[in-house]
Amino acid sequence: MRKTEEWMISQMSFSGAILWINIFSSVLLVPVYEEIVFRGYLFNSFKFWFNDNIYISAIVTSVIFSALHLQYTDFRTFLMLFLVSLVLISAKIKSNGLLMPILLHMSMNTVIAGIQYLAYISYTH
């Protein structure tokens with residue numbers, strides 16, 4: 001099992017309040033924070049610096065977003081996060097705001113938390 005997978009499963013091994021704080025943070029707080037920072041501030045800053053070129057701005061923002069998820073070490077995960085970031089940027093552009101990417105990010109993290117929980121159950125039983 002990869003180090004990343006072990007780390008992800010270990011996040012579900014917490015119990016009680018710590019587990020619920022972990023889930024609450026990853027499903028509700030982190031998506032809001034990341035969307036404000038990456039799709040709000042960084043993407044808009046890069047658009048300004050690159051003369052409204054949304055393509056270069058999206059690529060640079062997505063590379064930074066992927067690289068800062070340091071808990072993942074596999075290149076395939078980096079690539080997946082890069083593509084997810086591009087989808088979230090597309091949602092921001094299409095909706096002209098952050099609500100849609102925040103809701104998409106929350107949905108994605110909810111699915112991931114569910115998969116982690118199922119993996120934890122099958123790993124420990």
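Every residue, even glycine, has its Cβ placed from backbone N, Cα and C.
Annotated in TrEMBL:
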- 19-111: domain 'CAAX prenyl protease 2/Lysostaphin resistance protein A-like' (DOMAIN)
- 12-33: transmembrane segment (TRANSMEM)
- 53-70: transmembrane segment (TRANSMEM)
- 77-93: transmembrane segment (TRANSMEM)
- 99-120: transmembrane segment (TRANSMEM)
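Among residues of the same chain six or more beyond the transmembrane segment (53-70), those with a C-beta under 8 A of the stretch's C-beta atoms are 34, 38-39, 42-43, 46-47, 77-79, 81-83, 85-86, 89, 93. Mean model confidence for the domain 'CAAX prenyl protease 2/Lysostaphin resistance protein A-like' (19-111) is a pLDDT of 95. Per DSSP, the domain 'CAAX prenyl protease 2/Lysostaphin resistance protein A-like' (19-111) is made up of 79 helix, 0 strand, 14 coil.
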